[in-house]
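Participant: For reference, TrEMBL lists these features for the protein:
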type     : residues : note
TRANSMEM : 15-36    : transmembrane segment
TRANSMEM : 48-66    : transmembrane segment
TRANSMEM : 95-112   : transmembrane segment
TRANSMEM : 119-140  : transmembrane segment
TRANSMEM : 160-183  : transmembrane segment
TRANSMEM : 190-212  : transmembrane segment
TRANSMEM : 218-237  : transmembrane segment
TRANSMEM : 249-268  : transmembrane segment
TRANSMEM : 274-294  : transmembrane segment
Amino acid sequence: MLPEVRKFFNIRNPLFQFFLYLAFFVLIAHLDLLLFSKNSSDQLRFTIQLITILITGILLYIVSVLKLNFRHANPLNILISSMIVYILIHPTNPWIFFPLTIFFAWIGKYFIKYKNLPMFNPAGFGIFLTYYVTTFLQKIGVSNDVLLVSWWGADMQQYFLNEIPIFNMMVSLLLLFGFLYFIQKYNKHILVSTFFVTFSIIFLLYNFFFHITFQESIKILSMNMFTSFAFLMLIMIPEPKTSPNLSKHQTVIGILGASVLFFLTWYLPDKSLFTPGLPFLTTLLTMNLFTVVLKEKKLLQ
C-alpha cells in the first residue's frame, strides 16, 4: 500500500502542490485561531478537532483501498476535503460533527458519481448534508445542535496581523495570488472570471438602483476579494473534478452560479423574510449539478 501511496506525493504533481499550499493556508488559519482564543483548553480542543478530522480522512482512505478495493484512490483528495471542512465549519460545533462531516464528504467523493467522477464538491457536499441531517435530528428531538457553518478560516486576512495593516495586506495578497496560480494551472480562469464579472455587474446595478452608491458597492466588492467569497470563488467552485472543462461550459456555469449566489445572498433576503441556511454551498452544489447536466445532454459542445 505504501509504495502506491508514495507516488501521489510528488512535488511535480499539481494536486500535491495544491495540497501543500492549502495545508500552509490552513496552518495559518489554525494558528490565527489559537492566538485569538487565548484559552489553553480551547486551544487544545481546536487542535484535537483538526487532528480528528485528518485522522478520520486517513481512516476512510484506508477503508477505501483495503476494504472497498478502490485501488487507485488518491489520499490527497480526502486530505484536501478534510482541511477545507476544518476551516469552514465552526470550531464550537460538537466534536461528533467533525468526523460526521468528513464521512459525508467521503460518501460524496466515492459513491455519488457521474462517469466515475464525483458529481458534487466533496467538502461542500459533506457540509451541506451534515447541516440538513443535524437540522432534521434537532427537529425530531434527537440532537440539541445544528451544524454551524461560519467559514471562519476562509478569510485571507489574519487576526494576529491586525496591528500591522500593511503586512496583513501583503500576506493576504500573497495568499490570494497563490490560489490564482492554481486557477491558471487547472485552466479554470474562464469559470472564475465569468463568475466574478457576472456577480459584480448584477451587484453593482442592483445596489445602484435600489440601495447604496456605486462607490460603496465597489468598496464591498473589493473587500470580498479577501473574505470567504474569494475562497468560494477560487477554491470551491473551480475544483477540477466537479467543475466544467470546456470554455463554453465554464462561461454558462459561471453566469449561472453568480446569478444564484446574488439571488440567495442579496435579492432574497432583501425582498422576503426567508434567509437560506447555506447560500454559498447551495450555489456551489447547484453549479456542480448543472455541470453534470451540460455534460449529459452534450450541450454547447
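Sequential numbering from 1, following the chain as shown.
Glycine is treated like the rest: Cβ placed from N, Cα and C.
Automatic prediction, not curation, is the source of TrEMBL annotations.
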Participant: Taking the transmembrane segment (190-212) as reference, which of 160-183, 218-237, 249-268, 274-294 has the most Cβ pairs under 8 angstroms?
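Facilitator: Out of the listed stretches, 249-268 contacts the transmembrane segment (190-212) most.
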Participant: So, do the transmembrane segment (160-183) and the transmembrane segment (249-268) meet, by the test of 3 or more Cβ pairs under 8 Å (sequence gap 6 or more)?
Facilitator: no
Participant: Sequence-remote contacts (6 or more beyond its ends) of the transmembrane segment (48-66), Cβ cut-off under 8 Å?
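Facilitator: Cβ under 8 Å, 6 or more out: 1, 4, 30, 73, 75, 78-79, 81-83, 85-86, 91, 95, 98-99, 102-103, 106, 110.
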Participant: The transmembrane segment (274-294): which same-chain residues, six or more beyond its ends, come within Cβ distance under 8 Å?
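Facilitator: For the transmembrane segment (274-294), the list is 114, 119-121, 124-125, 127-128, 131, 135, 149, 151, 228-229, 232, 236-237, 242-244, 249, 252-253, 256-257, 260-261, 264-265, 268, 300.
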Participant: Cβ under 8 Å to the transmembrane segment (95-112), counting only same-chain residues 6 or more beyond its ends: which ones?
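Facilitator: Those are 48-49, 52-53, 56-57, 60, 64, 68, 70, 73, 77-78, 81-82, 85-86, 89, 118-123, 125-127, 129-130, 133-134, 145, 147, in sequence order.
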